[in-house]
Amino acid sequence: MEGGGKPNSASNSRDDGNSVFPSKAPATGPVAADKRLGTPPGGGAAGKEHGNSVCFKVDGGGGEEPAGSFEDAEGPRRQYGFMQRQFTSMLQPGVNKFSLRMFGSQKAVEKEQERVKTAGFWIIHPYSDFRFYWDLIMLIMMVGNLVIIPVGITFFTEQTTTPWIIFNVASDTVFLLDLIMNFRTGTVNEDSSEIILDPKVIKMNYLKSWFVVDFISSIPVDYIFLIVEKGMDSEVYKTARALRIVRFTKILSLLRLLRLSRLIRYIHQWEEIFHMTYDLASAVVRIFNLIGMMLLLCHWDGCLQFLVPLLQDFPPDCWVSLNEMVNDSWGKQYSYALFKAMSHMLCIGYGAQAPVSMSDLWITMLSMIVGATCYAMFVGHATALIQSLDSSRRQYQEKYKQVEQYMSFHKLPADMRQKIHDYYEHRYQGKIFDEENILSELNDPLREEIVNFNCRKLVATMPLFANADPNFVTAMLSKLRFEVFQPGDYIIREGAVGKKMYFIQHGVAGVITKSSKEMKLTDGSYFGEICLLTKGRRTASVRADTYCRLYSLSVDNFNEVLEEYPMMRRAFETVAIDRLDRIGKKNSILLQKFQKDLNTGVFNNQENEILKQIVKHDREMVQAIPPINYPQMTALNCTSSTTTPTSRMRTQSPPVYTATSLSHSNLHSPSPSTQTPQPSAILSPCSYTTAVCSPPIQSPLATRTFHYASPTASQLSLMQQPQQQLPQSQVQQTQTQTQQQQQQQQQQQQQQQQQQQQQQQQQQQQQQQQQQQQQPQTPGSSTPKNEVHKSTQALHNTNLTKEVRPLSASQPSLPHEVSTLISRPHPTVGESLASIPQPVAAVHSTGLQAGSRSTVPQRVTLFRQMSSGAIPPNRGVPPAPPPPAAVQRESPSVLNTDPDAEKPRFASNL
């Protein structure tokens, strides 16, 4: 250095981060022989350089340059260290899908890598990348050896060709290396699933297991063959002794086929890898392994079929000599031998010719045994594979077979069997899963993710879920249960106790109420929440119009979820109040709670906006149907489901003016009443329209179901629709038919009451004497009185006489006064009640003429007699004024002294 340099400094040195020299280290470099160390000019003790400063002088110049770069000095060593690290890492388990599944986490894999480093030199981990690729190479080499070696030994006489020698020498070398590497490869302890990396334990385990088989299969037969060939002359080699040696080497080469054990082990390891990663790939690999093993055995059997005659020098009775194939090409010989072997193994024949010699016979039997075993294994594995590929469909088929046996055992009708079949098709769609058990085995996040995915269409179509908290939606969906309903099924019924609410995923359902309006619910709608909120009964019926796929929520789960989310409870309550208002109903519990929330200020502006949107969307989703043109829907709960065709025809007849409603006040009134008609009141056309258009009266009769008779007069007032009157000829014809039926019934009853005729004759004689005494005073009025007296007395004593018609579902018996009033013609459409002529007998006296008894038309439905013999009174019509005192004294039995006469009584089946 010129002018003296600082110690510990190097002039013109490059500061690249790697020029760090150890203290007191001699300067070395590749150019040290061509350059010499220099000192500063006029050097002295003070001008000496520090030992760590490496400088040199170039001839002919005073400049200084470094003696050599550290990178040049450490390059080979650094490259060797990199290769060593890479090779060492290949002996360790890598971080991949297989190792993560084996050890659980990346941290556990790193710990296993540290174990391999501390285990010793050249210890190979069984799950390392190096062992993976080595096993792949060995798999290919073994398949090649097991296919090529039998063909070469059997069909090729020249064993000294260069390709054959190269192939055999390379194979023997690779298998010897594999034998050595097995002593340095860790093993898996089957009891504890721990990887054993101790070299001594690995060696002992290998010596006790597969070492002998692997050593015999790895004997270098080709090396021995080459040594024997070089030690013999060509003339001696061709002698018979040499040919025997060659045959021995051929037989010895068959020991390589023991490498099949290695092939099976490696294939089993690959099956485990595929099984742990892909289940379907594992099944496919298993079936392909089975097919490949069968083909390999067929290949070996074909070579064996030709090798045995070859070792016997083709005797005359062998199959090769009989078919004259000794001098044919090896391809033709192999084809015939393979065909013969497959015929034996599949048990379909003997090939081209049946065996003749004893050796061919034994080989054929051996082939049949091996073939039958392989065929059974193949069928079993194939069956198991097919069943495992679609186990859910197989379970569905087994389940439906049980259902069919159940239907046959109980002898269910064909239409019911078809409904059950359709239900299973729509409910399970050909596959059965134990979904509840599957989801219960998963953790909560994964279960919630699956439920959200399965119900994504329901969430997308429901405005309630769209505006709700995601946690509420997840909690609600996790408690839903899937259900399917068929067209015509009543999902809920009005008046029933509600235990579930429903969400519609797919389908259309109709809401049926007592009013004439029906509403439709489609995808994304929900119903049944009102009774869950109020703990009451169903307010309407819901019927499935199409196949409906629903999700149900029980009342316990409903309350459990809403306790954690009070805002959503208020949303349900608001929608419930709006729905009740739309169908004309109210619920005091919901209204009081809603008013209480308003007074306490629970609702804020944001919540109000959300509730408005929910109610708005709920109204938009409900499809309202226009009012139905027939009024039967107004009495939906009043009519029986077993209505006869006659009663259905009656509901479409013109309005009927019943005699029970004709009181004295009505007869004397100048105009019909304009008030809301009562269930059994007389209706004019205008008042009838008012009754149909107005909501029905909530009376006991309006909610009563009559099971045995036709609709009563109160029901007809709600159900019948004004139409044009029937022609008089049809009315007369109907009356004639009714009269004939009554006469037949009267004759039958007369035969049954022969025992009572004597008592009736005595009563008639007494009545005739009274008539003779009263005839001058009131002519023509005594007979009706007596008849009325007889009929009412019989009804009061609950005894039916011949004067009273028998009670039946189609022809109820009535007092003669009522039948006489009904026999009058009906008023026209525009005629008022004042124009009806008043019956004289009804005004002046309580009796009627004896000859005025008429029949009741078939299209008229009247009250039936009760078990007590009285007619049910009408609560909607004011009672008639009492008759005169004279009439009361003469016929006291006409009056009804029963204190319960004003209570409503319904028809009963006698």
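Just so it is clear, glycine is given a Cβ too, placed from its N, Cα and C backbone atoms.
Asn327 is the residue among Asn327, Asn637 that Swiss-Prot describes as N-linked glycosylation site. Per Swiss-Prot, Ile227 and Gly331 occupy the same side of the membrane [matching topological domain names]. Counting in whole angstrom, Cys531 (3',5'-cyclic AMP binding site) lies 96 from Asn327 (N-linked glycosylation site) by their C-alpha atoms. Within the model, the topological domain 'Extracellular' (356-360) carries an average pLDDT of 88. For the recorded positions listed here (Asn327, Thr539), the lowest count of other CB atoms within 10 A around the CB belongs to Asn327. Under the three-state DSSP scheme, Arg579 (3',5'-cyclic AMP binding site) falls in the helix class.
Listed in sequence order, Met501, Phe558, Phe572, Val575, Ala576 are the same-chain residues six or more apart from Glu529 (3',5'-cyclic AMP binding site) with CB atoms under 8 A from its CB. The secondary structure of Arg538 (3',5'-cyclic AMP binding site), as reduced to three states from DSSP, is coil rather than helix or strand. Taking the Cα atom of each, Thr539 (3',5'-cyclic AMP binding site) and Asn327 (N-linked glycosylation site) are about 98 angstrom apart.
Reduced to three states, the DSSP call for Cys531 (3',5'-cyclic AMP binding site) is helix. Proximity of Arg538 (3',5'-cyclic AMP binding site) to non-local residues of its own chain (separation of 6 or more, Cβ distance below 8 Å) is seen for Ile492, Arg493, Glu494, Gly495, Ala496, Val497, Gly498, Gly528, Ile530, Cys531, given in sequence order. Distance noted between the C-alpha atoms of Arg582 (3',5'-cyclic AMP binding site) and Asn327 (N-linked glycosylation site) is 101 Å.
Long-range neighbours of Arg579 (3',5'-cyclic AMP binding site) (same chain, six or more residues apart, CB within less than 8 Å of its CB): Ile530, Asp618.
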